[in-house]
Amino acid sequence: MAAKQLAFDVEARRALEKGVSTVAQAVKVTLGPKGRNVVLERKFGSPVITKDGVTVAKEIELKDPYENMGAQLCREVASKTNDVAGDGTTTATVLAQAIMLEGLKNVAAGANPIFVKKGIDRAVETVVDEIKKISIPVESKESIAHVASIAANEREIGELIADAMEKVGKDGVITVEESKGTATTVEVVEGMEFDRGYVSPYFVTNTEAMEAEFEEPYILIHEKKISAINDLLPLLEKVVRTGKPLVIIAEDIEGEALATLVVNKLRGTLNCAAVKAPGFGDRRKAMMEDIAILTGGTFLSEDLGVKLENVDLNMLGRAKKVKIAKEKTTIVEGYGKKEAVDGRIAQIKKQIEETDSDYDREKLQERLAKLAGGVAVIRVGAATETELKEKKHRVEDALAATRAAVEEGIVPGGGATLVHAIPAVEKIQAEGDEAVGVRIVRRALEEPLRQIAANAGLEGSVIVERVRSEQPGIGFDAVKEEYVDMIKAGIVDPAKVTRSALQNAASIASMLLTTEAIIAEIPKEEKAPAMPPGGGMDY
């Protein structure tokens, strides 16, 4: 085991503070509409230019192991806020630094860190209640576009996100991809789409697009392979009598079963197609159950104990339209009962809440979207690769912030909400060192607005005092450099972002205040390579 070095008390806290401040200094210049850029070196390719707090924070690694611990904790504030709310990383970093610096001053002067922490927690709770009280629900397309435009710093992106959300609903999946051209567009896949196509090209009905399209088909959803035609014949005869097409989704269709389907299709006896089931293992089973619920059919699994030859028409699913391409299948407007689909959606949402795995969560979100109404793809275009990366990042940020706004509503932006929460904090009854903790938060609430003003080249203290004296909801528009009603001016933040930023900042800062010792590995000294043995020079 490598030897460790230790630091205690004031020395420990000072080292951590230095690390936090280093990260905060780099991150906070990006805050606000007039935030400055940070350029990040890349070993390969062009440098990255960004205004995104969490990207800057993740780049920073310090040489001193103690200071690096502080830097990592500061990174944690930014990334945690980003994970929960998708935005507010810079605000969280500014708040964490403010709470920590004020707190360390007081602890060094003899305040008890435990009571200081208690005061900080009480003040944060009060501010969170204030945020919840004043938050305004986001429902209209226009207000969604507003929120997204602010997060992305661009109206066009805001409109695209609002467009995508309107089309796929609040639970729909919206993915961000790089476009081949320079334009940024939204593409919507309606209905349920999965990445499996027809088993044989003979099933194609539209030779130009190489797709099989069926109106109001019956859909057989079978867990196992189908190879014997005798199992399938009774069902085929029933479907032929109805004159409707048949789509078979199974693990695989092969041998004489496939040959018979192809022959019937070519003769015009039965319009049909076979598709392999999507996914693998347990996920395949779950996806096929989803398809069954969406189409109002029965998933014919082994557990059900129903043989293929005994399948009735009422066990088959139905849909308004099914489109099958070489590598994807889309089921539009399944005829499943709304209550059954809603029940399945609620079940998947519960699984999303309970899972710890990011991968599982992503896959569950995809399943949820497919049931809830579709998937939208925002294709981001730009003139250069550097611009493309930066723009794609902004779109992803704006998307997460917009989801947060739809979830918990919006509050006045630009740091105004935190400043207007100060009177509520001042009313808290606290004594001794607990009152010190409350005062620390009260002072920290001014910092985001102060920093926004500083980045715009103005005097922060003057602006903070002016906003404090105004009615709640009035804040400072750093672009126009005037005092406005923030909601009317469209300068808003998702309530979830403001709340998460404060809670995460206070959590890390108060943890640092109560730190009494830090342990790190002793850095290895790199020895200079030995000189090669000299042998004189050869000429």
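In case you wondered, yes, glycine gets a Cβ from its N, Cα and C as well.
Record features (Swiss-Prot):
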- 30-33, K51, 87-91, G414, 477-479, D493: ATP binding site (BINDING)
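Sequence features, as recorded in Swiss-Prot, placed on the structure.
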residue	record	Cβ contacts under 8 Å, 6 or more apart
T30	ATP binding site	R36, N37, V38, T50, K51, D52, G53, V56, T90, N455
G32	ATP binding site	G414, Q451, I452, N455, A456, A478
G88	ATP binding site	T81, N82, A401, D493, V497, T498, S500, A501
With H, G and I counted as helix, E and B as strand and the rest as coil, say where DSSP puts D493 (ATP binding site).
strand
When DSSP states are folded down to helix, strand and coil, where does G88 (ATP binding site) land?
coil
Validating a neighbour-count step here. Other CB atoms within 10 A of the CB of D493 (ATP binding site): how many?
32
Would you count the other C-beta atoms found within 10 angstroms of the C-beta of A478 (ATP binding site) for me?
23
Neighbour count, 10 Å Cβ-Cβ cut-off, for K51 (ATP binding site): what number do you get?
21
